[in-house]
Amino acid sequence: MNIILFGPPGAGKGTQAKKLVDFYGIPQISTGDILRANVREGTELGLAAKAYMDKGELVPDQVLIGIIKNRLNEADCEKGFILDGYPRTVPQADALEAILDEIEKPIDVVLNLEVPDEVLVGRISGRLMCKCGASYHIISNPPKKDNVCDICGGEVFQRADDTAEAVQNRLDVYKKQTQPLINYYKEKGILVTLDGTKEIDVVFEDLKAILAKFA
């Protein structure tokens, strides 16, 4: 069962990916994570990527796709995988399709979590963090005492990129980047869009109902 997971910031994509990993026993593959792992381990492609990263440049698609191909060939991807954060552009989607054909692991389904902007802005701009790693939400999960962490007693704060204006900018970028991919996979007949406004467990049940066809 080979899956691509799309969803804007705040849609709960990370939460659902983790639940899918636990339930199906297939790995979540985040391009950021495997890129950092290759750099850390000093692989040939990792060193090539590092040369660009050190200059503050984007890692070229051909380097990134090589790293992804190697990861998808590992034993834990035998029964499937969840691609998270890739592809980001139509050329990347074409390159991905080419390597998946080569290793005979085509994508079964592209899952797209859809949540209205106003809900996402509310979810993200209400987030509060603590330096100890605890997280809260002004409405759904506030600390017991205003601005004080329940766990360590430290001051909770809002991240600079979690303000309503910053969140809307991130959503605009996401839509501009992702819409062509939504159209790309819709044309291929493998896109399924889900309502991400429901409760976490309800969304997960919806996901499982869709994936039952491929398990």
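The backbone N, Cα and C atoms fix where each Cβ goes, and this holds for glycine too.
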Annotated range (Swiss-Prot: region 'NMP') out of 30-59, 180-209
30-59
Say Swiss-Prot lists Gly10, Ala11, Gly12, Lys13, Gly14, Thr15, Ser135, Tyr136, Lys198 as binding ATP: which of Arg127, Arg159 is in the same site, per that record?
Arg127
So if I exclude everything within five residues of the ends of the region 'NMP' (30-59), which remaining residues of that chain have a CB under 8 angstroms from its CBs? That is, six or more out.
66-68, 70-71, 84-86
Where Gly14 (ATP binding site) falls in three-state DSSP terms:
helix
According to DSSP, which of helix, strand or coil covers Cys130 (Zn(2+) binding site)?
coil
Counts by DSSP class (helix H/G/I, strand E/B, coil) across the region 'NMP' (30-59):
22 helix, 1 strand, 7 coil
With Cβ-Cβ distance below 8 Å and at least 6 positions apart along the chain, what are the contacts of Cys149 (Zn(2+) binding site)? List them in sequence order.
Cys130, Cys132, Ala134, Pro143, Glu155, Val156
Euclidean distance between Cα atoms of Arg159 (AMP binding site) and Tyr136 (ATP binding site), Å:
12
